[in-house]
Every structure is written in structure tokens, then in C-alpha cells.
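Going by TrEMBL, these are the annotated features:
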TRANSMEM  B:27-48  transmembrane segment
TRANSMEM  B:76-96  transmembrane segment
TRANSMEM  B:102-121  transmembrane segment
TRANSMEM  B:128-149  transmembrane segment
TRANSMEM  B:161-180  transmembrane segment
TRANSMEM  B:385-407  transmembrane segment
TRANSMEM  B:413-430  transmembrane segment
TRANSMEM  B:442-460  transmembrane segment
TRANSMEM  B:466-483  transmembrane segment
TRANSMEM  B:490-506  transmembrane segment
TRANSMEM  B:526-548  transmembrane segment
Amino acid sequence: MPREVALADALVPGLLLIYLGCLLVLWGIDTLIGRYGLYRYVWHPSLFRVAVFFVLFGAAGLLLYP
Amino acid sequence: MSAVPTDISSWRHPPWLRDFAAEESQAWIFVAKSLVAFYLAAWLTMVFQLEQPATTMITVAIVMHPQSGTVLAKSFYRALGTCTGSLFGVLLMAAFPQQRELFLLSLSIWVALCAGGAVLYRNFMSYGFVLAGYTAFIVVLPAIDHPTAVFDSAVGRVSEVMLGIIVSGLVSDVILPVRLREVLRRISREHYQHFIDFARGSLGGAIPREDMEKAHLRFVRAAVQIEDLRSSVIFEDPEVRARSSRMQLLNLRYMAAATSFQSLHHLINRLQRSNHPRTAAALIKLYGPIGTALSPDPSEKPMPRLLATRIEACEAELPVLAAKLREDLRQDPNLLLEFDSGTTLVRRFAAELRDFTSLEATLRETQGVVGGTVERVDFKRANDYASPLIAIVRTFLTMATLSVFWIETGWTFGLSALLLATVFSGLLATSPMPVLATANTWVAYAIGLVAAYFVVFELMPGSDGFVMLILVTAPLLALGPYLTTRNATLPGVGAGYSLGFVYILALKNPMVYAPDRFLNDSIAALFGLMMSGAAFMIIPTVIGTQWLRRRQLVQLRRQVVFAATAPMDGILYRFESVNRDLYQQIVQFTRQGSEESRVLFSWALAVHDSGRAVIELRQDMLHTGLPPPVREAMQYAVDALAQLYDAPDKARWMAADGAVDQAITLTTQTLPQARASCQPALADLLLLRTALRDDESALAPYIVKAPEIAHAP
């Protein structure tokens, strides 16, 4: 994965795109969990959500930029 | 703790102290959260090596809000506003790099439009508009002398603003969050209970007008409040998001049932007044089974599901009971007609109550997503375009004046004045007393400046490192969020203090010691703020004025025109929601129990009554079995009513009354041939006629006592 991506001739950091992608994935997971009401089993839903995001973003970032 | 005698423990915790402690602890939690957000934002900005931690902190100061429950919900719109604003800033810089007049003119227009948007939309969307104006400004601000650097500047500023938004959203969502979802659940159950109790307790049919007015106000508030909460909670809670359309439907059913209930009561009251006590008594008897259905044995828990089944059972009894009661009234055909229209109303109310309780039961019994799809309904807001327009003009004039002043004088710090005017003309435009709020903000801003002066030039030179920075700034910075929690009594003070403090603190890495900049900046900022206050004096706000209220009352009246002419698709929800939103907006500024509020209430009742009946009538007119001449007469009546409510006067009242009467006569004649199609329409027409001839309604001054209505006893 290139460190910078040219979007309409503007150089955008690749990590930013990954960040946005992770937000999308998080939104999907969030909706899915909410649909089936699984947040009842979680102590602090928003902390859980943030943690999931960190896991996603960390994993994607570390895997794509070794 | 049983060793402690109870009287002593109650002495040690008197109720006022408990309330005080609860309130204070909420306030201090907010202060702690704000401080965490401020320092986390500043620290991250420094870690990411962005240029101005001050921008991040200013954004946090604008965004953090105690009532908000979740700032995360609002962050969505704020991020949108930021992106739009910065994009516009860059575009503007690219379009006019050399022409400062055109540049400032366009910027003024943009900021003015954003301020107008902030007034037009309520709640969290309004903040998005404020931020769109603010970001556009802050992006071009440092680049104004070096147009080539605008892109880098834009990237830096957007990163800082976004960081501020994200950090404040995260902090308020994760640290001791106020769960709006719980609030929504509690409030909607309270309103449900209140409505059921009210419907159960008012069997007698004689509710004093003041009580009815209070109840109406409460129903209206409930509907608007639930919708407000729902639209925020869907961002916070995916479970609520999955159930959102059902909750909207529940709100619709609530509103519909409340309207029918009020119409029914109105009808009974009217009948009692106009010497039809027998009809009224018969209707009250007919209402009896519903009241019984709503009051199950105390041994059984009054769950919504139980009520729904009981109401369904009682619905089957109603036609039989109605037929029996009708027998007793047989002597007088006029009484019979009134009774028939009342019967329709009772049955409509029962059906709506059943729908309402069964949906409430479904929502309570299931967790997570509910299967199947429901009709999509949307809560429409009633917007008046006068106040946003005035805000646009006012902001434009402020910005233009400041720009001209800046260009003409070549004042180096004119930008600071412009920036402050941008932020506050958006933030304060929604306030009903903007001049007072600006004055408060101005004083608080000045105090914030002094506090920041003390910190920056006395304490900070002796400190070193981030921990020292926190220790040095926190005590005086904490005052700002604390004052924000006192916004009800001191409007604008908290925001002014925080902004003034953070603005002068102007955290940079490394910090610079520049007392001259402090003086220049403070003078400019206070000048800008004063200008926006002066603009509020020159072009006063219309929010809460008599003029706007009268305008909104006209708008409320025209809701009947809407009911008569709008396309039928989804008309009921739009009608009910706009009515309530409008009423809520007007009633905010009227004193309870005053003449004005009485007039408003009677108009609201008349509009609810007639509008709903018109909608039902139009629905019945879609029936294919209706003979064309009858339908024409009905359409004529609907049009005449629309004209009457558009601009009421005696001639139009006569026309409407005549048209409705004509339609009734025609329908009664056709009734034997086409009973299925005519019966429901006839009931609606009768309702419309009684509403028209009601001598205590808002239409009373226009009623002409013509000799031909002698047949009405």
C-alpha cells in the first residue's frame, strides 16, 4: 500500500483512507450488533465500539504498512 | 447502616441538599469531561505536529455542551459542516486570490447563509451550519496574505477542527455518558402512561377548558420531544436505529389518538352546552366500555399488551351498544345525526387507541430488530422563513461592515474581529434575547481574556512541560465549562468565557511570549463581538415577537388549507406533526393563562378538529361507490372550508356553512342507495358542521346567525 495516494492530484495519506474504511466497517458491525440487540451483553457499549475501532484500525494499519 | 437512626440520616441529607448535590455532581462531571477533552485535543494536536493546537481547543470550546448527552450524535453533522466549510474556503481562495473586495463579499455571503441555516434548522443540525461558516473562515484566515499556501493551511485547519470534533465526541461518549436512550425510554413511557390515564379518567366528558388546554400542551410537547430525542438517539444507539421507523409510527398513532380524543371531548362539551344533554349522555355511555377496557383489575399488571387485547374486545361491543343507544334517541332525527357522528368518532378513537397500545406493546416486548416492515412516516417541521432571512441579512451586513472597516483602515488584526463576529452571529442568532446574550457574552469574554492574560504572562513563563501546562491552566479554564452548565440563568456566559480564555491562550508549540499580540487580539475580538451585538440591536430578532407569533398563527390556520389541498400520500402525519411543531413554537413565548394563549388554544383546537375531519372526509371520498354528484358537493365543501381557514370572514363562513350543509343534504338523500360509501363521509361532514357552528370556537366571531338554521334546535 503506497504511503500517499493521489486523489484528483491531491496527495492523501494512505492511512487516512484506511481510517475512513475502518469507520465504514465499524458502522457495519455496529448496525449488525444493534440489529440483534447484542449490546445488552456489553458493559459499556461506546467504549466497546471505540475498542473495536482501535482493533480494526490497528490491525489494518499494521498489516498494510509492515 | 442500620445502626444509624433514620431521623438523623434524614437530617443529615435534607432533600434540598440532595438535589443540590445531584445538580452539582452533573455540572462537575461535565467540567471534568470538558477539561479532559481540552487537554487531550491539545496534546494530540501537538503529537501530530499540527500547527495550531489553539484551533483544536477553540473547536472543543464551541462543541462541548452539557445538555447534549452524546456529542457523537452531533459530530456527524459537525463533520459535514466542517468539510463543506473548508471546501468553500479553498474554492474562494482559488477564485479570488487577488481581489480582496470580491473575496470578502463572497465570504460574507457564505457566513450569512450559514447563520441563516443555523436559525432554520434546530438542534444539532444548526451547529453544523455554525461550523461551516467558522471553518470556511478559519481556513482562509492564515492564508489571506499568502494565497499560495491556502491548501496546506486548509489541510492543517481541517485536521485541527476534525480532531477537536472527534476528541470531544469520544470523550463525552465514553466517559460517564449521559445515555439519551434511557431518557427517551423513560419519557415515552411517561407520556404513554399519562395519555392512558387521561383517557381513562375523563369518562364524564366534562373537562374544564383550562385542564384541556394543559393536556393539549402536554400532548403537543410529548410528540415534539419524543421526535427530538428519537432523531438524536438514532445516532447513538444502533438498536434504536433499527426500530426507528416503528417509533415514528408510534408517535403518529399517539398524535392521531390524541386528536380524536380531543375532538370527541369537544363534541360532547358542545352537545352539553347546546341543550343536547341526552345525546351527550348517550355518547358518554358509549365511551364507557373504552374506559372500562383501560382500567383492568389492579391484580393484573396494566401492560400495554393487556390493554390492547381489552380494547380490541371492547371494539366489538361498540356497534351493538351504539345501536341500542340509538334506539332511545329515535324521536329526533337531528339528535340522531349528531349521535352518529359521535359514534364514528368513538369508534375511530377506539381503533387508534388499539393500534397505539399494540404497537407500544410490540416495542416493549421485543428486543433488537422487529420483523416485517412498516409504513414510513416522517415528522415534518414547520419552518418559518422570516427569521432565517433576517439572520442572513443581519450577518451579511455585520460581516460586510467589518470587512470594509478592515480594508479601509488596514488594521492588522481586523481578521480576529471578523472571526469572532462569524462565530457569534451564528451561535446567538437562535437566542430569543440576543442583545442580552451578546452583552453577557461580551463581559464573560472580557473576563476570560483577563484570566488568560494572568495565566499566559504570569504563570506560564515559569512552567515547563505539558503537565505543568495543565496545572497552570486548568483551574481558570474549568470556570468556562462550569458556567456553561448555568446557561439557563446566565445565557452565553460560559461560551464567552471559554472562547475568550482559549483564544488568548493560543496554545502553540513552542509558545511565544507576545504581550502586544494579546492586546491587539483582545481589542479586535471584543470589537468584533460588539459589532455583532450592535447588529442585533439594529436588526432585532423576530424570534418570540408578537409579529412572528401572529405569522405562525396564520400558518397554523392554513394547516386546514393544507389538509384540504395537499396530496393524500402521507398527509396525516405531515398534518399532525406540523400542527404540533407550530403550536409548540408559538406557545413557548406566550404566557400561560393569558388572553393570547387562550386564543391560540382555541385556534389549535379548531384546526385540529376541522383539519382531521377534512382529511378523513377526503379519504372517504376516494371510495369508488360514491355517486359523482355527491362527491362533487363534498369537494365543494372541502374547498369552501379551505377558503374559510385561509382568510376567515363572515362571507366565507356563510359559503362554507352552506356548502357543508348542501353536501350533508345530498349525502343524506343518497344514503339509502349507497350506504357503504356515504355513511362514513356523512359522519365527517356532520363533524365539520358542528365544528363550524361551535359558538365557543375560534371561528365564533365569523358565525352568522342566519334564520334558515332554525331547524337546529
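Cβ atoms are placed via backbone N, Cα and C, with glycine included.
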Next item on the list: Count the CB pairs under 8 A between the transmembrane segment (B:413-430) and each of B:27-48, B:128-149, B:161-180, B:442-460, then give me the winner.
Entry: B:128-149
Margin query: Check for me, if you would, whether the transmembrane segment (B:27-48) reaches the transmembrane segment (B:385-407) - at least 3 Cβ pairs under 8 Å, residues 6 or more apart in sequence.
Written below: no
Notebook entry, point to check: Under a Cβ pair cut-off of under 8 Å, which of the recorded stretches B:466-483, B:490-506, B:526-548 contacts the transmembrane segment (B:442-460) most often?
Noted result: B:490-506
Check: Going through B:385-407, B:466-483, B:526-548 one by one, which has the most CB pairs that fall under 8 Å from the transmembrane segment (B:490-506)?
Finding: B:466-483
Margin query: With Cβ-Cβ distances below 8 Å as the criterion, list the same-chain residues six or more beyond the ends of the transmembrane segment (B:466-483) that contact it, or say none.
Written below: 27-28, 30-31, 33-35, 38-39, 43, 46, 61, 64, 66, 444, 448, 451-452, 454-455, 459-460, 490, 493-494, 497-498, 501-502, 505, 507
Checklist line | Intrachain neighbours beyond the transmembrane segment (B:526-548), with Cβ under 8 angstroms and 6 or more residues off its ends | finding: 119, 384, 386-387, 390-391, 393-395, 397-398, 401-402, 416-421, 424-425, 428-435, 438-439, 441-442, 445-446, 449, 588-589
